[in-house]
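K.L.:
After the structure tokens below, expect a handful of questions from me.
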Amino acid sequence: MASAAGSSNVMLAIHEKKTTPTDLYRPLRLYIASAYSEREAAAADDDLSVVRDLRAAVEQPSLPDPSSLEQRRDALLAYARALALVEPRFPISPDRAHVHSLTFTWHDAFKGNKKCALASIHLEKAAVLFNLGAVYSQIALAADRSTDVGIRTACGAFQSAAGAFAWLKECGVAAKAVAAGATTVDVTPECAGMLEKLMLAQAQECFFEKVIAGGKPPALCSKVARQVGIFYEEAYAALSAPPLSQHFDKSWVSHVQLKAAQFYADACYRYSLDLHEKEEIAEEIARLKIGMSALADAKKAARGVAAQLLDSVNKLESNMKTNLERAMKENDRVYLMRVPAAGSLGALPAASLVKPTSLAEVLDASKERLFSSLVPDGSMKALSKYTEMVDDIIRTQAEKLQQASEITRVRLKEMDLPDSILSLEGNITLPLDLKEDVEAVQISGGPAGLESELQQLRDLRRVNQELLVQTEELLQKEANEDAQFRTQFGSRWTRPQSSTLTKNIQDRLNLFAANLKKAADSDSLIERGVNENYPLMSILDKRPIESALPSISRPIMSLDGNEDAIVGALKQSLRQLESLGAQRAGLEDMLKEMKRKDDILPKLMAGVGSHDDLFKKEIAKYDSICAEIADNIVAQEQLLLQIQAQNEQFAAVFNLEDYKASRERCYKQIAAAIAKYREIKKNINEGLNFYVTLQEAIGKIKQQCSDFIMTRNIQCREMIEDVQRKLAGFNFSSSSHSSVQRNASVPPDQSSPSPPPHAQPPYAAPPGGDSRPGYSQPEPRPAYSQPYPPTYGAPPQQPPYGAPHPGQYHQPPHQPPPSHDYGQPAYPGWRGPYYNAHQPQPQQPGPYPQPPYNAPGAYPPHQSNYYRPQ
């Protein structure tokens, strides 16, 4: 078993089966001379020499270079076509020893010490097909997958290898070889099927490398990776079952097992990247955990696998761990979503981009002229005609069987069977689409979980209110201190009043307060909606939900007490109908099996008389099955009429029409409850997003107020010093100039906190100059200018996000926007803690981030569900 690494992943190739030299010329010539004539044998000398040379070329060992591998492939194909012409003309088999002293010997490809020596053309054909698949796999392994040409070559060769092993299995060559007595495991149908899946896995893996290198979307990469994993899983399942379970080296089995786990985990990883872009953080966390668990389990069982494969697996595991930690932090801090259980998630989607390449064309020997004089072409044409007759019978009967099954399905659905019987017995089921919607609601917490989310709204509103009060108290405290000094020093206190400088900030704080008040009104509407609609939605909390559905009940009064007999007769008829369906499936399988074993070529070759007589005799073998199919269809039609009559009686006794009406009303109630739950859930999520975004805005305003107060304190100390010096009699003839110089050169009092690097310089305006401090400059308005959400129908009170405002307050220029890096590099698709991957982010002045949803107004538009009265 050869292995090599392409661009990043280790792949496997199959070694060829070894053989011993065999002389075909002499035994075949003796057979022609004895069965036909010496003249025919002499005429066939050239053809016999060709077959002998082709066999000798196959006996030579192959060389590893690509050109030698291609020559080896061509030699195997040529010999396989020759065997297709030898088989119908020479009876080479253990039970028909007409070709004397001809034995083929082949060693097992995986256990070279085991071999099989048999006078069987089927063993020879199986070995040649096996080696053809092996050579294709070696061609693929030799390709340089770091280039586009190389990866296409590898992918095509792996698919051709899969085609060779599929041909070995599906065309009956392997089964015939086993039936003839071939004892090596490598040419069994089970081994051929396993190798087909392995080659398909590696071909799909080539596509995976291509889409990754091409930067394709994570969702597509996930589908391709999942199909790689499925093929490896199928190969591993075959390796784990007899007769292969004890035949292969353990390290090779571990390789396939670890590959299956690696690509399942990689599919989870790529799928999680797509989920992150959609902000479905909860499922992202669940998918990453599932994939990491699969990797961990496979690594425990890995023994003797290539170091490069382990490195690739460890790198994938590290990436998944990094993304999982980041996603969990975001969920804990921002999204607060409930992580679904692994069992509640659906299967990952898969996309198969490969299939076994059909070898029918390259193995077609119809144009070869070997031994054409021995067997008339009419015999081959007669065989083709007979095959067409058999195919027509099987196609016609299969259509009848499928049509009968479809009629049964439609008629039972019209009679609401067997659902009505199941309802009577308490086994009630929801329609699949409705069941999936209910399960999604229950996974997200259901109506019972809405109260905790409402409490989150209350808590976030309270935090915003407290933060707003703290900010206002900071400004008020500074204003009171300024007023005290103004009263104390009178006209000597020339600094501008606090209220003048903080007017814009105060206006925004008032606006935020109004926002919170309106948001509280919207919260009240949501809570009222939950309370009013909880009786409707509570049905979704039932587990199982089927317990809420009505069931068929027995009549209160029974006139003749025959209800049980009616039900029993209907159930018995349904069981008979099911038996007829199973019988049809068995009849179809019998037809296919009969065709597989139907080989009249020996009879054509040795037969005398008309071919039509032979065909009539042979085709009659199918008459009994065709008659059984016809009887089955007639019996089904009669049984359906009987079931219809029994069902009408059943519906009358058990008032089935009222039950159906009640069931439909219940379905509509459940659908209405789902719609209402989704509406409320959406409104709550919009509210949570609003409060989180607003909290960040108020926090920034609070920081600006703290910076402002620190600067005012520095100015206050310096002005007090100036006033005290003047009162003490000092002459400051050029106070403005010296004050500015002192402020630029003398450090502030070390007992007081130092101003931040972005604070404004101390207040000291030259006479007649502009006395406006730095905080009176125009500044950008915060992004949170309108309450979430306004009362339904109320016009917006403020312009949309990002609208310019003449009196805005500048954030200190050195402060960067808040970062949520958490110490790890961003992985694909990350744009920060609040973003919408599907909507453009409008540009806005000022430092505040957009809310996590796009809206034409300042906060969620009043058309949103969150604003509508509940």
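A Cβ is built for glycine as well, from the same backbone N, Cα and C atoms used for every other residue.
Keep in mind it's a predicted model, so treat the numbers as computed, not measured.
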K.L.:
In TrEMBL, which of 514-541, 542-569, 570-597 is tagged coiled coil?
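P.N.:
Range annotated as coiled coil by TrEMBL: 570-597.
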K.L.:
Which stretch, out of 450-480, 481-511, is listed as coiled coil by TrEMBL?
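P.N.:
So the range that TrEMBL calls coiled coil is 450-480.
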K.L.:
Give me the mean pLDDT over the domain 'BRO1' (10-408), rounded to a whole number.
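P.N.:
The predicted confidence over the domain 'BRO1' (10-408), as a mean pLDDT, is 88.
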K.L.:
For the coiled coil (570-597), give me same-chain residues lying six or more residues beyond its boundaries with a C-beta closer than 8 angstroms to one of its C-beta atoms, as numbers and ranges.
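P.N.:
For the coiled coil (570-597), the far contacts come to 172, 390-391, 393-394, 397-398, 401, 404-405, 408, 412, 417-418, 421, 621-622, 625, 628-629, 632, 635-636, 639-640, 642-643, 646-647, 650.
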